[in-house]
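Per Swiss-Prot, these features apply:
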- 1-21: signal peptide (SIGNAL)
- 102-478: domain 'PPM-type phosphatase' (DOMAIN)
- D138, G139: Mn(2+) 1 binding site (BINDING)
- D138, D373, N469: Mn(2+) 2 binding site (BINDING)
- 538-563: region 'Disordered' (REGION)
Amino acid sequence: MVISVPLFSSVLLALVVAVPADFDVGGRLLGVGLCSVRGDPNEHYDPHGDLYLRPFLQLDSVHQFYSLVFARKASSAMGASTSTKRPLTSKVTNEGENDRVKYASSAMQGLRMSMQDALAVELDLDALKSTSFFGVYDGHGGAEVAMYCAKRFHVMLREEESFLNNLSYAITSVCSRLDDELEAPNVWRASLYPHRSSESSSESSDCFQFLSTGSCANVWRSSEAVSYKLPSYEGSTACVVIIRGNQITVGNVGDSRCVLSKNGQAIDLSTDHKPNVPLERQRILRVGGQVWREKFPAKDSGGEIREQWGPYCIEGKLSTSRALAGIFLTTISGDFAYKNIVYRPQYQMVTHFPDIRVAKITGDTEFLVIASDGICSIQILIVDLNTFFPFRDHMSSQDVVDFVHEKLNSRRQELCQSLINQGKKRECFTEDSQLATNKNIAPNTTTLGEETLHTTCEKLVENCLESRNNATAILVQFKPGADQPIPALPNIQEGSDEVAGGADQPIPVLPNIQQVSDEVAGGTGQPIPVLPDIQEGSDEVAGGAAVAEQHQHNPEGGGEQQLDLDDALDGEALALLFGQP
């Protein structure tokens with residue numbers, strides 16, 4: 001039987017429209033179908049209705065297929081965007097504080113078709129030990145893995161036996177456990193959507209299963225059993241910060257970023273995991289993967305069409321080399337199509353193995369920023385030949401610090417001028433308010449107020465609208481006294497190194513520790529040591545049962561240097577690292 005394209009599309013459209021579009025499922029997409037549209041699809045867009053069209057497939061010059069998506073009218077800023085030309089600039093912003101820090105977080109969907117970023121904040125994750133938690137999760141292929149990580153990461157971290165004594169090991173263990181949970185049948189997805197009750201049989205609970213491939217739309221009742229599918233091409237990065245006393249511990253998987261400001265100088269506490277980074281590329285190629293980039297057509301300012309190189313991607317699909325989930329390519333969680341069970345987690349094309357760095361809060365520590373790649377990474381802007389979108393380079397870590405400083409200082413100057421106008425010039429220049437004239441002094445006075453952080457964080461996110469990506473940031477400001485240590489925890493002396501290792505390793509891996517610039521990473525009994533990324537000016541050592549290499553690189557893909565392990569660690573140091581007498 002032959003079904004004509006117009007008839008086929010009409011049947012699909014009728015099927016989709018027949019489903020009610022007003023049932024409440026918490027603001028998420030209600031369904032998707034296929035329809036054929038003649039002419040300009042924007043003519044079929046109702047900005048005030050429940051439906052919008054998403055380009056899907058063009059068969060010829062007449063029949064163009066679009067996915068017809070049901071969405072709630074009163075959707076939040078985290079809902080689906082209608083078009084790349086209709087940015088969602090509304091933001092979800094929060095703030096809070098305890099006796100050591102104050103924070104503001106902001107997230108904006110921007111020009112993306114959907115919001116796939118998520119974040120989590122726990123100011124008092126462990127009140128007895130003065131522990132605060134902040135995390136940014138940048139999803140790809142969908143938002144569900146990022147949402148699950150935001151819901152579970154800090155909870156699982158608190159459950160770790162090593163949480164009180166070894167944060168580095170605890171973070172690494174949580175990444176492995178999260179990846180394992182994503183393979184569990186339906187459990188993790190069910191926790192995201194508790195309204196999907198297996199006992200419900202009402203017809204109003206029928207909904208569509210949205211497939212990210214866009215190939216079809218399945219209709220099922222929530223009371224029916226649905227076979228579980230691994231999030232093959234869905235995953236999330238994770239950049240988590242744990243502040244305990246005067247110590248900052250950062251765990252990073254993927255291309256989100258954490259940057260610390262000291263006296264106005266940016267200090268990277270994470271490294272972007274990109275496929276073209278030499279160490280990442282080496283791991284990918286070793287297990288049979290490929291890394292390449294493609295050219296995209298674009299219009300320049302003169303209206304001429306030109307080609308621009310896109311980002312390096314694994315298998316031409318994934319632009320981050322570490323994340324959660326996956327089996328062929330891996331990211332912090334998900335991407336099971338990129339993972340191979342033959343290899344250990346450290347050696348996957350896309351691995352969930354985190355980099356851990358530790359820094360101390362000192363008197364000149366001002367604030368830190370955790371941001372998704374919508375703020376800090378290079379973005380490809382031109383996808384529409386009918387409209388000119390200039391290519392936007394990334395904000396460097398120093399750019400981010402300078403931006404925050406500028407906004408906070410302008411607020412101080414306004415407050416100072418206001419005091420002067422009120423005849424209180426003397427108060428403006430007291431010891432606590434000299435910040436009005438010196439941008440390098442930590443902005444810790446209560447004069448600034450939470451509104452300043454709130455506004456600054458929102459402006460930082462809004463500044464990255466041109467990246468055509470979701471933008472999420474957490475701005476954490478340190479209060480006076482934040483540099484004071486808490487009583488030493490059991491088995492950890494002040495100034496001692498923590499040991500970071502994999503969750504499945506009975507003997508801890510060599511420390512993956514950085515006191516701002518020095519890192520030591522490696523494994524025991526591992527034939528191929530996987531080294532963390534190397535930052536400019538840092539010294540890293542990879543240790544194993546046999547020999548280790550140190551690789552240094554630059555963004556241009558520079559040469560490698562070797563370091564003899566004996567020159568870095570003597571017998572006494574090795575005994576200390578392995579816990580031997």
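First residue shown is number 1, and so on along the chain.
Cβ coordinates come from backbone N, Cα and C, glycine included.
D373 (Mn(2+) 2 binding site) sits 8 Å from D138 (Mn(2+) 1 binding site), counting Cα to Cα.
In the three-state DSSP reading, N469 (Mn(2+) 2 binding site) counts as coil. Cα separation, D138 (Mn(2+) 1 binding site) to N469 (Mn(2+) 2 binding site), rounded: 10 Å. Mean model confidence of the domain 'PPM-type phosphatase' (102-478) amounts to 73 (pLDDT, 0 to 100 scale). Look at D138 (Mn(2+) 1 binding site): DSSP puts it in a strand. With a 10 A radius on its CB, G139 (Mn(2+) 1 binding site) counts 32 other CB atoms from all the protein chains.
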